[in-house]
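Below is one structure, written out as structure tokens; comments come after it.
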Amino acid sequence: MKLSNFSSTITLLAVLGSTDLALGVSLLHPTEPDVVQGAIRIHGDDAYPVYMRRLLPTDAPRARYTRFKQETVILKKGTVRREGANPLSSDILFERDVPITLRDGITIYTDLFRPVGDQRVPAVVAWSPYGKQVFQGYAVVNPDVRGAFASESNITYWGRQLAEDGYDFIEWAAAQPWSSGKIGMAGNSFLAISQWHIAASKPPHLAAIAPWEGATDILRAAATSLGIGNLGFEEAIITTFSGNNYVEDSPRMYLNGTFYNKYWKNRTPQLSNITIPAYVVASYTNLVHTHGTFDGFHNILSKNKWLRVHNSHEWLGFYQQEHTEELRKFFDRYLKVKDWPALGLKSRPFFLHPSNSLAGKPARRQGSVSYEIEANTTGVTFSYKVPGLVEIIGYIKVRLWVEAKGSDNMELAIKVEKRDADGNAFPHFGSAESTEPRGARQYLRFPQGTRQESLNTS
């Protein structure tokens, strides 16, 4: 027989009972689900043989799956999605079960939460098989990974296959019309471990990661306690995964395999490949991830990396307001800040009017203003009253038609400055010696002044 959407032939073992399993597995599963043999892609092997077991059905209460449904809805500000949850702080466009095709033709589905409107925004990806949950000012992309729920194929653990899938997904998200092209990843536990592997595969558009408590050497961490079979935790995790096919049976691979062969090496990320900014959180209270998180922070080669250590549980800490605010600032720095042009920058023209004003539209009639150089040291001023809060950044350009009557030479000085409601210029703080209002200024001498296209900032 063959599994649907699974390229390798599998053999049904139909094992009942658990005489070959460690005590932790036996207690959790007196009667095992169907077990099969299949193959996965690992580093150095395109078809490594593995055991797989049938997933928890999607209609099981423990799966908490709300059924497959492709739709686009607007979640209104103030909506409370479930009892005890916080109300939404803004309108959110929710696109559900959006299909993505991976490099081997497998289709997975993702939920997408983003601001309402046509603005291009950075995205934060939460990569796991756990299910669905937003981030203020970002798109949040929550995929059902390979094999999870309605996604095709079988769930695999960390390693080459997950890294390749994550790479494809990051690049898909960066290419979407709503995307600014900068993608980040966030999450703890499974989501943090996944970040190590995906970041190590170096997707071009992955700009920053935030792995909060994520092991890096699975064999020595959660599964075995330095080679002593302790599979209860991993068995408990694997039985929460839900889908239509199978999941890589990691506990059985441990019991039937060789310690630290290429299968287990595949599950250890190449941390030295990671060079993008990272905000890492570790604890000395959750021993599943303690060593691996510190090891990850130590061995990644990111020039910009931060480590925060806490003494509470990973899930509680991730949702505390002071920590989410910290995370937002991290992503604002590395996902929103662009070299140029700045996000949201709009170039706005102003026109000089004979009434010594600036306006958004040309004057209805031609006109001119003039002054006597000998009698006037301030020149002429054109003013614009700002209607509200505005940030002025970038290059200022001016195009003028000027004439110096009775002379073939002229020196022109132009200055742009801000004034308060009483007409007083704001002081200049760029010099320790003086706060004299200066503003942005430029000088030009005629006829020496010439146009240099290479210096054009348009």
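Cβ coordinates come from backbone N, Cα and C, glycine included.
Features as listed in TrEMBL:
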SIGNAL    1-24  signal peptide
DOMAIN    104-220  domain 'Xaa-Pro dipeptidyl-peptidase-like'
DOMAIN    334-425  domain 'Xaa-Pro dipeptidyl-peptidase C-terminal'
REGION    427-458  region 'Disordered'
COMPBIAS  449-458  compositional bias 'Polar residues'
Query raised in the report: With DSSP, how much of the domain 'Xaa-Pro dipeptidyl-peptidase-like' (104-220) is helix, how much strand and how much coil, in residues?
Result: 28 helix, 40 strand, 49 coil
Report task. Pull the DSSP breakdown for the domain 'Xaa-Pro dipeptidyl-peptidase C-terminal' (334-425) and write it out as helix, strand, coil residue counts. Result -> 3 helix, 16 strand, 73 coil
Query raised in the report: For the domain 'Xaa-Pro dipeptidyl-peptidase C-terminal' (334-425), what is the mean per-residue pLDDT, to the nearest integer?
Result: 83
